[in-house]
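First the structure, in the form of structure tokens, and then the observations on it.
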Amino acid sequence: MGIEMDPLLHAWSYFRRRKFHQCSDLCSQLLEKQPGDQESDSEFSVFQAAWCLKIRALTEMVYVDEIDVDQEGIAEMMLDENAIAQVARPGTSLKLPGTSQAGGPSQAVRPVTQTGRPITGFVRPSTQGGRPGTMEQAIRTPRTAHTARPMTSASGRYVRLGTASLLTNPDGPFLNVAKLNLNNYAQKPKLAKALFEYIFHHENDVKNAIDLAAYATQHAQFKDWWWKVQIGKCYYRLGLYREAETQFKSALKQQDMVDTILYLAKVYSRLDQPLTALNVFKQGLDRFSGEVSLLCGIARIYEEMNNISAAAEYYKDVLKQDNTHVEAIACIGSNHFYSDQPEIALRFYRRLLQMGVYNCQLFNNLALCCFYAQQYDMILSSFERALSLAENEEETADVWYNLGHVAVGIGDTSLAFQCFKLALTNNNDHAEAYNNLAVLEMQKGRIEQARLFLQTASSLAPHMYEPHFNIAVLSDKVGDLQRSYIAAQKSEAAFPEHVDTKQLITQLKQHFARL
Amino acid sequence: MPESKFREVLPKQGKLAVEDVTAMVLCKPKLLPLKSVTLEKLEKMQREAQETIRQQNQRT
């Protein structure tokens, strides 16, 4: 028998090594002993320490950074009572992506997401939602793009995660939060903080969390900035943005923290006041100069406002401070790719590879950059690797779709056919693949087949101009001018600056005038 | 310089003009966005959650 480690220290060591399950099990064993037979005279008994450690371990298991988590459900998006103006002035809103000042490549080069924003080089939980303009668009989203997934309610994901963690514990949850006397716990600041994080992150019980925080901040005589930030977080989750703003501001007065600045800016961007959010970031930069998360926040807002060139500037600033920032590298890389500099984009993606990023998306991007930078030796092996690394069918579909482009580029039509078909086998809702198949079918002269594909594409993704425009061209060719005109108008709505659409419409108008 | 030195050259045969035909457009190649750490963690937790729920259902 070797020397046994003190169980509490052992559990703590598990916690430090992020082995949370073992830590939690060991703490449970400690907690099963009677609390009475420990030394109960000290302020913190072993029992309390084990309890505290266990809830911290349980919290860490499901912890996600609250700053990054930002999901709007359909209800939050459509029934938004916080909008200041229904029709915002250009450049002051995140809702109108069309109000861009300048800079970015046009839609003819860079694909757009459902909401009409150019696709970004990096997805975060909050970029997934997007802000659809109409109810119809909002409901339609789940069938069109897996990158823009709405939820019926913002709390949906949290609740699902919560139920799962319940199921893993056969004897029910560790704590019954409803039965706790929160006021008692609030008297003990050290326990209260751990308990709060447990209730907030693990149980997702915002109501009880805010109760506890309110007691605790009262007990601290409103002098503890940490509790104010927590109350603000709760208000944010409850959708009370103005109240959250007050809490964050008050916390900032007491203690200047980067985190609080980020939360405050998040409130403003949820309130659709990007300019105020930018101001908050810039003021923060005065006090914390060169802070990466602030710079990155500014870049994200510019990107959401469709001001790509300004976003790129700030991403470059980020890289000056932290040259391993994946988000900045990915965004700059995709900017270069879509502004016709694939060689430079290739260097950025290669840098990511050197840094150890190893996934399907990266290899797919590398392959595309290689193809357009005419480094043909690397293309197919990169695509192969991307296919083998794909985690789900949507990713596989996207890789096959891009491979189809390479096939089109080298003129191998039958390979292109197969690639696009494979993309559709993997993801039946791949509108781009339908559109490209239609173009290939048209080249072979199969008009009806092409029309079918185009109609599918246009109903799957009404935000893309290509299928509408192609329907217009096709109908124009076969003499169906009325249908051509309708489709051309849809295409113009999706992409107002498209020259070919404009020409087609004027042609058709001349036709109609002559009749 | 006398103008006669440069004679006007007008091709009389071969391809003389290009008519601008509206061709159908392909959708553009799509760079796949990389995922943030938070998103990956969320997705991983969600997958695990679904897995545990599935196992639980199978047992009952």
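Quick reminder: no glycine exception, Cβ is built from N, Cα and C everywhere.
Since we're looking at a predicted model, the values are computed, not measured.
Residues or ranges marked as region 'Disordered' in TrEMBL: A:96-137. Feature annotation from TrEMBL assigns repeat 'TPR' to A:397-430, A:431-464.
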Fill in the blank from the handout: Across the repeat 'TPR' (A:397-430), DSSP labelling yields 27 helix, 0 strand, 7 coil
Handout entry: Secondary structure content, the repeat 'TPR' (A:431-464) (per DSSP, counts of residues)
Key = 27 helix, 0 strand, 7 coil
Exercise for the section: Please average pLDDT over the repeat 'TPR' (A:431-464) for the predicted structure. Expected result: 93
